[in-house]
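Asks: Just dropping this structure here.
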């Protein structure tokens, strides 16, 4: 364990904070050989308990300062720096653990007492510093034990050589440049007050002490104390030799929000507090660029995204230094500075003529322009665009093309314009990609044919826009991804507005079609899908019969009328003259069709049927229809094996039609239809119409008798 021999009285007093001063019974600055000589060995007394070890007993006179301890401390710090150990982290045990271990295994020699006192002193410093930072600033060099073991192994035979070396080293290292005069009486705070009083001053003094000692260790080790905002200072603000003056941190009204001007020995630079970015130039004139920050380039590694996405080691990139013009958009997020191409403006500084063209385009409300750069396209399947999966698939395409390791300027990547700056225009319901220099149209995509569009959801990908559409030549689905200069949600919002406008126009067009005030010339390309309710198919029964023909009759009802017509036709014609045909019976219509030619021989409405009956022969069937005012016609049929099925079907159609007429007629309106049976009519209309119903009943009675005859 090495103890620095060049401590300032003010630094030690700042650490003690007025605690009880303790003196060590042994000179901590004496050489090894001086402590081990015969005189000291004869007079040295081992303390009986820890209280005497802490220096509360008698105190002998301290010996002269020894420069060899300083040499050992510097050598051990140099070796620790070579082994890449963190000099700002203390790996010593706690004060209680060290005290218990030292009490059990304390050596009985004077050299063991010297190590005990030095360790107690350093433990007090560590406990005080741990109160503020959680870890002390003092380095435990006890692990560098091989040097100490070599000294013990060498024994007294090498003491004479060490005396000669000490004399030479004292001449070189007795007064190193920049170090104050050594102190002989070093006071170390003890008790609980040393752990609680003034943790801020403890940390500053300890940082000053070991920062100065490390600065003298070696040239290559001096780089650990960088000049960034995270590095410890070499002293407290009250010290006159501090590298930081009281006005080191300044906030100027000329600086943007979040910026601070920092002054130190390296110069004046500007610190952006939210992101931790530093730059030499004032932030008002240019944003931070690579190569201008005093921080190390390793600090630009994208580490925040690694925990979220779990990329492999090769997926993290650093921003390469760029010598191009600074960005026009000001300070960007720190994640965006680590993308695969340099964090610069997607388009160079426009010439005044180009600015005028852009302003003219933006002035036109029908055209919206966005500066983009094509990252390529990825082939997709129809299953990936299913509801609930399309958003995940599009985001995966954005992630794949945004963070891949290949060169984005490679023309084989599938990007429009070979990775150069483009203009994405939304004009006349069309998405266009235009080359900004010569206004060459590279691609035109109708917005109505775009299946899906979206914006990157990952951290730092809010400037990535993608849309999915079917290629005209290959008919495959492609997801095109673009890196936008402005937030990509602006493009998505504009597309949403255009689609809403298109849907509104189509709804208005449908309303015009329904109102029969439509200009068909404007709706040639608009597909209309009008769904009409399917017509209800009525039950139709077909019967194979022989059609005997039709004859006019004098009365609309009567079995004798039907029998007379059937007898006249059967007597005047033979079976060969009958026409084979089909009779289709529907609830509304009776249709007679030719069996071979399907020609319509007759069509009768059921509502005009006045009477039906089966003839004297069970194979014959006939019904009377009203052909006009006071004009009636009788249609006759020959059925096989009998006419029962046909007569029942026609009777059922008549009953269904009659029921529909009753349902459609209002209760107060009168009807010209034949009345139902007398009993039901009497219940409805009362006794006032009984006489009229009875007269109708007389006309319907022969119908019932005729329908029951075989």
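Placement of Cβ uses the backbone N, Cα and C atoms for every residue, glycine included.
Owing to the predicted nature of the structure, the values given are computational and were not obtained by experimental measurement.
In case it's useful when we look at the structure, here is the feature table from Swiss-Prot:
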MOD_RES   135  phosphoserine
REGION    143-256  region 'Disordered'
COMPBIAS  145-173  compositional bias 'Acidic residues'
MOD_RES   204  N6-acetyllysine
COMPBIAS  223-234  compositional bias 'Polar residues'
DOMAIN    253-285  domain 'WW'
REGION    276-300  region 'Disordered'
COMPBIAS  287-299  compositional bias 'Low complexity'
DOMAIN    370-509  domain 'PID 1'
MOD_RES   459  phosphoserine
MOD_RES   517  phosphoserine
DOMAIN    542-699  domain 'PID 2'
MOD_RES   547  phosphotyrosine
MOD_RES   610  phosphoserine
MOD_RES   701  N6-acetyllysine
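I'd like to know what surrounds each of these features in this structure.
Replies: Counting residue by residue with DSSP, the domain 'PID 1' (370-509) contains 47 helix, 50 strand, 43 coil.
In the shown protein chains, 14 other C-beta atoms lie within 10 A of the C-beta of residue 459 (phosphoserine).
For residue 547 (phosphotyrosine), the same-chain residues 6+ apart in sequence whose C-beta sits under 8 angstroms from its C-beta are 578, 579, 580, 581, 592, 601, 602, 635, 636, 637. When secondary structure is read from DSSP and collapsed to three states, residue 547 (phosphotyrosine) falls in the strand class.
Here residue 610 (phosphoserine) comes close to 556, 557, 624, 625, 626, 632: these same-chain residues lie at least six apart in sequence, with C-beta atoms under 8 angstroms from its C-beta.
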Asks: By DSSP, how many residues in the domain 'WW' (253-285) are helix, how many strand, and how many coil?
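Replies: Counts, helix then strand then coil: 0 helix, 15 strand, 18 coil.
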